[in-house]
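Engineer: Here it is, the structure, as structure tokens.
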Amino acid sequence: MAGGAYVDSGNAKQFDGKVTAFVLVTCFVAAMGGLLFGYDLGITGGVTSMEPFLIKFFPGVYKQMQDDVGHRSQYCKFDNELLTLFTSSLYLAALVASFFASTTTRMMGRKASMFLGGLFFLVGALLNGFAVNIEMLIIGRLLLGFGVGYCNQSVPVYLSEMAPAKIRGALNMGFQMMITIGILIANLINYGTSKLENGWRISLGVGAVPAVLLCFGALFLGDTPNSLIERGQKEEARKMLQKIRGIDNVEEELQELVLASESAKEVEHPWKNITTPKYRPQLTFCTLIPFFQQLTGINVVMFYAPVLFKTLGFGNDASLMSSVITGGVNVVATLVSILTVDKVGRKVLFLEGGVQMLICQIATGVMIAMKFGVSGEGSFSSGEANLILFFICAFVAAFAWSWGPLGWLVPSEICPLEVRSAGQAINVAVNMLFTFAIAQVFLVMLCHLKFGLFFFFAAFVLIMTIFIAMLLPETKNIPIEEMHTVWRSHWFWSKIVPHADDDRKPEAAQS
Ligand code: BGC
């Protein structure tokens with residue numbers, strides 16, 4: 001799960017308590033999981049464009065690039081299956097791991113999953129940093145993927161459960177913020193190490209630092225009260241609650257947690273529940289939002305920005321520098337979203353972001369078509385290159401205040417407790433699957449679709465923007481437990497969702 005995607009039981013009550021230093025430190029350490037995910041998202045593109053790295057592990061690609069100077073289309077310079085597998089294997093591993101992680105997180109606690117995630121990250125980063133052959137490289141990459149699967153499953157849950165309700169929303173998006181910071185740090189490190197002999201070892205190995213922090217953190221920090229109760233440790237849960245809220249009397253909140261845990265246990269069939277007609281909207285959005293999020297083409301920029309910029313004729317340095325710029329834009333624009341989402345609402349951000357992305361993709365596609373045409377020969381003047389960079393930055397900004405954070409927030413807030421875990425799992429799995437798919441096919445698509453690739457993503461952005469305009473009700477300021485009302489007043493969903501009076505009861509309880 002690549003974002004702060006868990007919202008607790010939707011309890012509208014406010015409990016006493018302060019935002020304690022303990023809770024902030026705890027959340028900071030846990031958020032290392034987001035940073036690590038972002039770091040892995042961002043580091044690969046730069047590394048795969050470094051010549052010493054290509055010479056050592058992908059001599060075929062390197063030779064092809066050298067031989068093809070002047071012969072082969074710019075579009076196909078980097079098209080190599082092994083190189084692609086190196087990038088995308090991580091997301092496949094994350095997809096597989098997220099299924100195991102949900103059981104670990106539930107049965108052994110959030111802390112256990114975070115520790116395991118940190119450990120996978122640590123070993124993966126070390127194997128990659130010290131890699132002497134392609135096997136070490138790929139195995140390291142798979143371990144990093146397990147790390148992503150475990151951390152993305154457990155960290156957002158941990159953050160949501162530790163946080164007092166009043167800052168839960170901010171923390172939810174804060175996780176996405178950490179992802180973007182991780183990507184930016186990765187871009188900066190790549191920029192620095194690209195000038196060093198074997199700098200790629202530093203780029204890949206540095207991930208071990210936050211991983212160590214996460215492992216130690218997970219060992220020494222406590223588990224969440226919710227998880228302790230779930231595993232029958234009520235006394236420990238009370239002590240933890242006193243510690244994180246900074247007050248002695250936590251009885252009321254403790255009782256709520258016990259009740260929430262009991263009612264969650266009553267739902268025996270969350271998977272069956274979510275497929276029943278009354279959860280059609282949730283099933284639709286939990287599947288299509290992550291699918292569309294990836295079909296914006298954002299990860300083409302995140303993974304392959306340096307390669308893409310090189311393809312467009314930027315020099316080595318300029319390519320990496322450009323990805324630092326897009327990384328910075330990503331962080332700042334995410335902040336814009338955090339500050340505005342509860343004021344202007346989700347739909348405005350989705351729609352504005354969609355239109356802006358569409359314009360940028362069409363502009364980029366047209367510029368590349370005019371310069372490189374179908375043959376793939378040509379290069380940009382520095383003015384034109386800057387204009388393309390501008391459009392790519394505007395595209396990243398649009399994504400970062402719309403589909404980036406909202407792609408995680410909306411699926412989590414529309415699901416009632418009885419189907420939340422299932423909805424969440426679908427969201428994560430679909431996201432990872434399409435992250436993998438895009439990473440896997442992008443270079444082949446660039447080679448075959450050429451500039452048309454930008455129009456391909458633009459077409460999807462158009463479809464998803466219409467989809468949001470027509471089908472997503474505004475969820476701003478609606479308490480989670482009242483969310484069922486938005487479907488009833490929606491022109492389309494009111495025809496689909498049955499008008500049962502008891503439409504908030506879990507299916508299992510009805511039968
Ligand atoms: C997406 C990632 C993407 C990142 C970029 C996240 O919301 O899930 O796939 O790389 O945003 O900031």
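Note: Cβ is positioned from N, Cα and C throughout, glycine not excepted.
Below are the features listed in TrEMBL for this protein:
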type	residues	note
TRANSMEM	19-39	transmembrane segment
DOMAIN	26-476	domain 'Major facilitator superfamily (MFS) profile'
TRANSMEM	82-101	transmembrane segment
TRANSMEM	113-132	transmembrane segment
TRANSMEM	138-159	transmembrane segment
TRANSMEM	171-190	transmembrane segment
TRANSMEM	202-221	transmembrane segment
TRANSMEM	283-307	transmembrane segment
TRANSMEM	319-341	transmembrane segment
TRANSMEM	348-368	transmembrane segment
TRANSMEM	388-410	transmembrane segment
TRANSMEM	422-445	transmembrane segment
TRANSMEM	451-472	transmembrane segment
Engineer: Under 8 Å for C-beta pairs, could you tell me which stretch among 113-132, 171-190, 283-307, 319-341, 422-445 has the largest tally with the transmembrane segment (202-221)?
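Structural biologist: Comparing 113-132, 171-190, 283-307, 319-341, 422-445: 113-132 has the most Cβ pairs near the transmembrane segment (202-221).
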Engineer: Assess whether the transmembrane segment (19-39) lies in contact with the transmembrane segment (138-159), where contact requires at least three Cβ pairs under 8 Å among residues 6 or more apart in sequence.
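Structural biologist: Contact criterion met.
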Engineer: For the transmembrane segment (283-307), which partner among 319-341, 348-368, 388-410 gives the most CB pairs under 8 Å?
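Structural biologist: Maximum Cβ contact count belongs to 388-410.
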Engineer: May I ask for the residues of the chain that lie six or more residues beyond the transmembrane segment (82-101) and have a Cβ under 8 Å from a Cβ within it?
Structural biologist: 1, 40, 44-45, 48, 57-58, 60-61, 113, 116-117, 120, 134, 137-138, 141-146, 148-150, 152-154, 303, 425, 428-429, 432-433, 435-437, 439-444
Engineer: Would you kindly list the residues that approach the transmembrane segment (319-341) from elsewhere in its chain, counting only those six or more residues past its ends and only Cβ-Cβ distances under 8 Å?
Structural biologist: 42, 45-46, 49, 170, 173-174, 176-177, 180-181, 183-184, 186-188, 190-191, 194, 301, 305-307, 309-310, 349, 389, 392-393, 396-402, 404-406, 409, 476
Engineer: What residues elsewhere in the chain lie close to the transmembrane segment (348-368), defined as a C-beta under 8 angstroms and at least 6 residues from its ends?
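Structural biologist: For the transmembrane segment (348-368), the nonlocal Cβ contacts are 296-297, 312, 337, 340-341, 380, 384, 387-388, 391-392, 394-395, 397-399, 401-403, 406, 450-455, 457-458, 461-462, 464-465, 468-469, 472.
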Engineer: Hey, which bits of the same chain come close to the transmembrane segment (451-472), Cβ under 8 Å, at least six residues off its ends?
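Structural biologist: Hits for the transmembrane segment (451-472): 284-285, 288, 292, 295-297, 300, 346-347, 350-351, 354-355, 357-358, 361-362, 364-366, 368-369, 372-373, 403, 410, 442, 445, 490, 492-493.
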Engineer: Same-chain Cβ contacts of the transmembrane segment (138-159) under 8 Å, 6 or more residues past its ends?
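Structural biologist: Residues packing against the transmembrane segment (138-159) from afar: 1-6, 27, 30-31, 33-34, 36-37, 40, 85-86, 89-98, 100-102, 104-105, 110-111, 113-114, 116-121, 123-128, 131, 171-172, 174-175, 204, 207, 211, 214, 224, 428, 432.
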Engineer: Note the mean pLDDT of the domain 'Major facilitator superfamily (MFS) profile' (26-476), expressed as a whole number.
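Structural biologist: Summing pLDDT over the domain 'Major facilitator superfamily (MFS) profile' (26-476) and dividing by its length gives 86.
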